[in-house]
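Remarks on the structure that follows.
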Amino acid sequence: KESAAAKFERQHMDPSPSSASSSNYCNQMMQSRNLTQDRCKPVNTFVHESLADVQAVCFQKNVICKNGQSNCYQSNSAMHITDCRESGNSKYPNCVYKTTQAEKHIIVACEGNPYVPVHFDASV
């Protein structure tokens, strides 16, 4: 079974995107990372930083997660991210996404030993 840490990497890590600037980026990535297998995942964020930099966030500013848990952390610096949001004309299995690039601080939930990101909570 895929570990929570490996699932985070599959769903959210893209350190050196070849085509993040393309409007088709989300359509391609959501499909290739299996985020449209049994439904169209409505919203997903990809982070274009090294895995080490994202894992380091687990030791940065401790914040409360959206669900009320206390194991979320906010990055000290803004990171290059791409937000993928399902567009109105999207219908499974033909999932269609809008691609939006941004520079924002990320908030991730961390757990385990080693202590690593397992959930992308928000960007601010």
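Heads up, the Cβ atoms here are built off N, Cα and C, so glycines get one too.
Computed from a predicted structure; not experimentally measured.
Counting Cβ atoms from all protein chains shown, His12 (active site, proton acceptor) has 19 others lying within 10 Å of its own Cβ. Taken from Swiss-Prot, the feature active site, proton acceptor covers His12.
In sequence order, Ala4, Phe8, Cys65, Val108, Ala109 are the residues near His119 (active site, proton donor), counting only same-chain partners six or more apart with C-beta under 8 A. Annotated active site, proton donor per Swiss-Prot: His119, in sequence order, evidence recorded as similarity to another entry.
Following the DSSP three-state reduction, the secondary structure of Lys7 (substrate binding site) is helix. Lys7 (substrate binding site): 13 other CB atoms within 10 A of its CB, across all protein chains. The feature substrate binding site is assigned by Swiss-Prot to Lys7, Arg10, Lys41, Pro42, Val43, Asn44, Thr45, Lys66, Arg85, with similarity to another entry given as support.
The compositional bias 'Basic and acidic residues' annotation in Swiss-Prot covers 1-13.
For Cys26 (disulfide bond), the same-chain residues lying six or more positions away in sequence with a CB closer than 8 A to its CB are Asn44, Thr82, Cys84, Arg85, Tyr97, Lys98, Thr99. Here Swiss-Prot flags Cys26-Cys84 (among others) as disulfide bond, drawing on similarity to another entry.
According to DSSP, Cys40 (disulfide bond) sits in a coil region rather than a helix or strand. The feature disulfide bond is assigned by Swiss-Prot to Cys40-Cys95 (among others), with similarity to another entry given as support.
Under the heading disulfide bond, Swiss-Prot lists Cys58-Cys110 (among others), citing similarity to another entry as support. In the shown protein chains, 21 other C-beta atoms lie within 10 A of the C-beta of Cys110 (disulfide bond).
DSSP assigns Cys65 (disulfide bond) to coil in the three-state reduction, placing it in neither a helix nor a strand. Feature annotation from Swiss-Prot assigns disulfide bond to Cys65-Cys72 (among others); the stated evidence is similarity to another entry.
A simple way to gauge crowding: the CB of Asn34 (N-linked glycosylation site) has 12 other CB atoms within 10 angstroms, across all the protein chains here. The N-linked glycosylation site feature in Swiss-Prot is assigned to Asn34; the stated evidence is experimental evidence.
Broken down with DSSP, the region 'Disordered' (1-25) shows 10 helix, 1 strand, 14 coil. Annotation comment: Swiss-Prot describes 1-25 as region 'Disordered'.
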Cys26 (disulfide bond) - helix vs strand vs coil (DSSP): helix
CB within-chain contacts under 8 A for Cys40 (disulfide bond), separation at least 6: Met30, Glu86, Ser90, Lys91, Tyr92, Cys95
Cα separation, His12 (active site, proton acceptor) to Cys58 (disulfide bond) (Å, whole number): 15
Nearest of the binding-site residues (Lys41, Val43, Thr45) to Cys110 (disulfide bond), judged by Cα-Cα distance: Thr45
